[in-house]
Number of protein chains: 2
Amino acid sequence: MPTKLASIEEYRKLVDSYDTFLFDCDGVIWLGSELIPGVKEVISFLKSSNKNLLYVTNNSTVSRKDYVKKFEKLGLTVTENEIYGSAYATAIYLQKIVKFKAEKEVFIVGGAGIKKELELVGIKVSDKVIPPMSGTEDIKKILPDSKIGAIVCGLDLNMSYGKMAFAHINLMTNEDCLFIATNDDSSFPVENQIFPGAGSILSVLVTSTKKKPAVIGKPYQTMFDSICASHEIDLRRTLMVGDRLDTDIDFGIAAGIDTLVVYTGVTTEEEACNPKNSQATFSMGSFGELSALID
Amino acid sequence: MPTKLASIEEYRKLVDSYDTFLFDCDGVIWLGSELIPGVKEVISFLKSSNKNLLYVTNNSTVSRKDYVKKFEKLGLTVTENEIYGSAYATAIYLQKIVKFKAEKEVFIVGGAGIKKELELVGIKVSDKVIPPMSGTEDIKKILPDSKIGAIVCGLDLNMSYGKMAFAHINLMTNEDCLFIATNDDSSFPVENQIFPGAGSILSVLVTSTKKKPAVIGKPYQTMFDSICASHEIDLRRTLMVGDRLDTDIDFGIAAGIDTLVVYTGVTTEEEACNPKNSQATFSMGSFGELSALID
């Protein structure tokens, strides 16, 4: 069961114990389009205490630049360096971890955020456009392209059969073609509703190719490896803060760092205390409660 | 191991033993766009011997009317009644088996063949059109519709995130909304290549909703129940002829009828004789070999 933090002494000890705080955003910092009370003040306080703050999100539809705007809209000041989206983590993975060949191109089944982040680190993105299919005859025109060195799949609001078929045929034809997913969240929350997420889109290719992708985003270790490839991280003094056990808390556990679950998002206290579920190190009603530390 | 038929006596006994022949088409009757040698003559011979012939296909992209044209193009004469596609079987399932309510509508993630077949048996098809998504803001506009009584998913060459999201939200919001798949073949063969099939498209909704659809097509019993709902079938005198163990032969086995595997499609003799795989009753190099029976 996570140790429940509720007194000012416990809050102070938590802040003193860590230099780096990794945050999930939705359900911790904001909920939908509303800031969670007190969190803005706590973030200012942690920054003025020289803490390193990193926002770790599986959302690959937007780039870090777009994410900075989202923070600004809510009245929070962050820099691009503090944001770690799965699109950027995928770029870092390709650049620093697998050392993607300069002469190869990536074909993306996903949003504009992925293209932006890949191009920013100098990775070539295929400009292949597959026209809409008018019948099965059109499928024959979809041929593999030896330039394609990786398929990157994320949440794609413009998914199409043609894109899927082109990704599929490259994965099946070219044994060296990498298969990468920004994340595999089956759902994508929008306001109070749940819609199909990147993991649901991805399942088309997993089913058709019978191949398993390298998944970058939380809860996978790859996201953390990617963070460590571009930031100095002391594992013992790093805390992961999140609202979901199966992504955020599992991510911290896989990385070997302490975790804090908050109840301002999807997980209830009952679920967090259920021994069958992943166990966070600490729990707290809301991260905003730390505002009690501010004079 | 299937009993291998190779002599004229064995061929004659096979023909005499059955009144109804159920055929898979691709890999049995034709391969891609080429007729398999001898098959045309054998079909004429069986018809002149007063046998009932039914062509059972999982392809839902075309209607029976379109299928008749395909047969004609290859020089084969068939009637619509002899063709049993998964789109038509889905229509029969909705009409005769689940008795779909007249005031409800079906939302289709699939090809024009499904719409045609459903409307021909008097089932209302939703004309809902979801405009292309320009960003996550557009997802909010996707709302459930209480008129939708079933989601039917097949191979959809015009699949889109909007369609998937609309199907998803209806399945999640309305507990009575039926979830039906024309078939769950993960692959769709086009000429010599394999592309994502209906089962791969379907996996988006299976992953996002965590619900299991009623699958109509081979190898599922539903297709056979649907055939029996519109044809007189004597199980003991019915033979399923196919080239695939995991769809055609399993379909015959599930239905409790005898099966014949032919080696003009995807299955090799080695695979058919492997005791780990589904076991057909009989095997034959090609269905065209029966032409030896013709004077």
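Cβ coordinates come from backbone N, Cα and C, glycine included.
Annotations in TrEMBL come from automatic prediction, not curation.
Mg(2+) binds B:Asp24, B:Asp26 as TrEMBL records it, and from the list B:Asp243, B:Asp246, B:Asp250, B:Asp258 the residue named for this site is B:Asp243. Counting only same-chain residues at least 6 apart in sequence, those with a Cβ under 8 Å from the Cβ of B:Asp24 (Mg(2+) binding site) are B:Tyr55, B:Val56, B:Thr57, B:Lys218, B:Met240, B:Val241, B:Gly242, B:Asp243, B:Arg244, B:Thr247, B:Asp248, B:Gly265. Compared over the binding-site residues B:Asp26, B:Asp243, the count of CB atoms lying within 10 A of a residue's CB peaks at B:Asp243. A Cβ within 8 Å of the Cβ centre of B:Asp24, B:Asp26, B:Asp243, the residues given for Mg(2+), is found for these other residues of the same chain: B:Phe23, B:Cys25, B:Gly27, B:Val28, B:Ile29, B:Gly242, B:Arg244, B:Asp248, B:Gly265, B:Val266.
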